[in-house]
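Here the structure comes first, spelled out in structure tokens, and everything after it is commentary.
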Amino acid sequence: MNLSRILLLSMFFLSAMGQLPSQDIMALLEFKKGIKHDPTGFVLNSWNDESIDFNGCPSSWNGIVCNGGNVAGVVLDNLGLTADADFSLFSNLTKLVKLSMSNNSLSGVLPNDLGSFKSLQFLDLSDNLFSSSLPKEIGRSVSLRNLSLSGNNFSGEIPESMGGLISLQSLDMSSNSLSGPLPKSLTRLNDLLYLNLSSNGFTGKMPRGFELISSLEVLDLHGNSIDGNLDGEFFLLTNASYVDISGNRLVTTSGKLLPGVSESIKHLNLSHNQLEGSLTSGFQLFQNLKVLDLSYNMLSGELPGFNYVYDLEVLKLSNNRFSGSLPNNLLKGDSLLLTTLDLSGNNLSGPVSSIMSTTLHTLDLSSNSLTGELPLLTGGCVLLDLSNNQFEGNLTRWSKWENIEYLDLSQNHFTGSFPDATPQLLRANHLNLSYNKLTGSLPERIPTHYPKLRVLDISSNSLEGPIPGALLSMPTLEEIHLQNNGMTGNIGPLPSSGSRIRLLDLSHNRFDGDLPGVFGSLTNLQVLNLAANNLSGSLPSSMNDIVSLSSLDVSQNHFTGPLPSNLSSNIMAFNVSYNDLSGTVPENLKNFPPPSFYPGNSKLVLPAGSPGSSASEASKNKSTNKLVKVVIIVSCAVALIILILVAILLFCICKSRRREERSITGKETNRRAQTIPSGSGGGMVVSAEDLVASRKGSSSEILSPDEKLAVATGFSPSKTSNLSWSPGSGDSFPADQQLARLDVRSPDRLVGELHFLDDSIKLTPEELSRAPAEVLGRSSHGTSYRATLDNGVFLTVKWLREGVAKQRKEFAKEVKKFSNIRHPNVVTLRGYYWGPTQHEKLILSDYISPGSLASFLYDRPGRKGPPLAWTQRLKIAVDVARGLNYLHFDRAVPHGNLKATNILLDGAELNARVADYCLHRLMTQAGTVEQILDAGILGYRAPELAASRKPLPSFKSDVYAFGVILLEILTGRCAGDVITGEQEGVDLTDWVRLRVAEGRGAECFDSVLTQEMGSDPVTEKGMKEVLGIALRCIRSVSERPGIKTIYEDLSSI
């Protein structure tokens, strides 16, 4: 009996012990404590010590997988968790096989004891916010089969110990900030099936030995800085089926690209490198491939015949230097399975025969030198781009084309009228015939012949006659481009409702009459351009109903009456000048600069106190009242004298208070109008910074309270305006002057998280708080400081304005991509700070001295040094083009904010480096729109960006901005200055175009350069060549060359 009692007690005791928290449970509960945010409650509502199984494993907890009494798996993917993760806790889970927490907002570092996870086979921490370097002990995790750390901010080199992961089958470390050479030890991972190290900053040569990994199926190294020669042995011997080494710096030394390609490779991408030579005439390079992408290289010669190539499905050879004719085999219907063919951006010539292939869906032959008439047949083509060639003839051949949905024939030499015969393009949704020589009128049956049309562009031809009656009422149309023709008649009729039209451009035609009163029915309209017509009457009040309108231009017409009282608050571009409008400008339009309203509109009045109202009055009455000019000039002179007297008074006061201090003069940017020569005549130049300041208001309206206090310490170049033209990054201040600090309230004010993109800087938030910080300037997205660290190192700190930055996770993922950007002509970003409040977002980058291009170029008070010589200016232009070429082709990102103040000159040699790049990727849509709007006011915005409600920077908009900068370099003038004189209020680009069109292009050059040009014919030739390049850069987007071409052309001068 006693023995039975003992047994029962023992069983009860063991049962009770089973309910005690195990080592596994304690580790999980400790991890739970680090979770700051769990939007779904998946973890916080489930993990508790009251729901534990009898065997001691919490299998009822969400995301937990048990094996017996032990935790075997923790799966917390895609939950939006925010946590400071301590992964060393999981070393206590001795039977853990799978740990997966991808796509959250987890931060922290990998533990040094990662190698003690003896049973771990699957580790996925991708798409989080982890940082720091990889621990050397990671190579001791010999049981790991799958390791994914992609989409984080890991930095430093991959440790050689990675070669110890002998069981590894899949390794993904893409989209991090890893750098250094690829370790040779990776080639010893004999079981590896998948290797992805793309979008990092790896340098050096690709190690030999990857071809010896017999199991390797996928090798992805794209988006790094790997250099050296293509390894022909790898391509011949590898067993991989997918190879992507695009976006690196690989070169070739022999005349042939490769001696051959392994039969196992099906997908090969070597685009965006520096490969030269020609393609082999044999078929061994292509016979087993399904996808081949060699675009954006420097390959040349004629294309091979592509005989006996049966498996190729995608062939991309765009933007190289191929010449000769187009191989007919590529367009046959019986020799290839080709679905996509892109040969654009080469030097191919000759005609294009009929396209017989029934499998070819996408054919891009744009930007070549192809001639002849259109092909008779297009086979199964759905997308056909033949733009920017030398095709001629009429358009009647397309009557037999059946499957086309996207057709671009722009920038050719087509003549005749728009076909009226019934075509087969019933599926067409995009039709671009711009920049040809088409004549006649548009047929009335367009809506029935093209029932699915969304985009119609027939701009820049010689069309006549009215708009077809039902065209504007087509239910599918979203964009209509009819500008730059000779069309006549009234505009209309318009649909009463249901219109999808987002863009309507009828500018530079001969339309007349009144606007339809039902204009407000175009409720989706975002861009409306009716400029340079003969329209009259009043602007219909129904325009107030177009709430999505972001760009409105009705200038150069004969409109009368008042402006609509309540136009859309989304309008970012506005121009009603050269009309006969009257009344008072509505309050919601008063912040647009005077050139939006004047010249013309002599009876139109800006509200009292509106920015620039005095300037507008001067402009409005200029042609009829010369007395006003005199008054303005005298007023400016008096104001200037007063400013000088005030400056002298302040100087005396400062000197009396602190004799040892030197007066800081010349620090305030001149905000007044300046009189400079305009060609052969004088003229007034209105600074674009004034327009930005007018639109923004005072600095207090855009700065956080902390920034206001920093500015108030005396380092703001202006306390009355939002500065968009800063004096440059090289401004210096007396050492004994009281410096502004980032910690304007207390030394420990920065209490958030400071992340660095590499290991070159070690700094805490508190140390950054203590750093003296001089204000360099302000822009639409924040304030820039020069911070002096304790070790004497300078950093540029950009304090982002409240509300412009994206959410933390997206911001962090984007900013870490910058760590891969390393180039002598690009300013290096070092890190970022994320504070606990909305206005505490900082970006840290290298400080560049002596200053910006603007501070050396413009003839303004405080200009640094003597005027730049031609050799210096040309070198700066080449440097900037080289930096942009790197961003576009090596990093595949547009700059997005290119202007003279963002080109910094480094050292005594004035090496140019572009700064403030890719900020649009860190900002909200509103922040991006505001940045682009400022670029428009300052003269750098590409015209196409005004045609989008949600504009985003692009490669082509960068080229436009670079063209404007070239004009600044040539003229010495600021892009945003409004130049008046012989012409009425034109900006820099229009002024240069006018001079060139009149055969007076040489009058545009800076007087300093003109003196050099007169004594050196080589200089004169170079300046004229750069002027030609600049004019190409500011063409319409479809005619604009890529930066690669521009860089090569500039380098050859």
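The first residue you see is number 1, and the count goes up from there.
Positions of Cβ are set from backbone N, Cα and C atoms, glycine also.
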### Query
Which one of Thr82, Thr928, Thr989 gets the tag phosphothreonine in Swiss-Prot?
Thr928
### Query
Looking at Ser126, Ser198, Ser1007, which one is marked phosphoserine in Swiss-Prot?
Ser126
### Task
Have a look at Ser353, Ser434, Ser459, Ser948 and find the one that Swiss-Prot tags as phosphoserine.
Ser434
#### Entry: Cβ atoms near Ser769 (phosphoserine) (within 10 Å, other residues, all chains)
20
### Task
Among the modified residues listed here (Ser102, Ser1015), identify the one with the smallest other-Cβ count within 10 Å.
Ser1015
## Note on the structure
Fewest neighbouring Cβ atoms within 10 Å among the recorded positions Ser105, Ser434, Ser784 goes to Ser105
### DSSP-derived structure type at Ser784 (ATP binding site), helix or strand or else coil
strand
### Query
With every protein chain in view, how many other Cβ atoms are within 10 Å of the Cβ of Gly782 (ATP binding site)?
26
### Summary
Running the modified residues Ser102, Ser105, Tyr406, Ser434, Ser769, Ser1015 through a 10 angstrom C-alpha radius around Leu776 (ATP binding site) leaves none
### Summary
Judged by other C-beta atoms within 10 Å of its C-beta, the most isolated of the recorded positions Tyr406, Leu776 is Tyr406
### Residues in the repeat 'LRR 2' (94-119) grouped by DSSP into helix, strand and remaining coil
5 helix, 7 strand, 14 coil
### Task
Based on Cα distances to Ser434 (phosphoserine), point out the closest of the recorded positions Ser102, Ser105, Ser769, Arg778, Ser1015.
Arg778
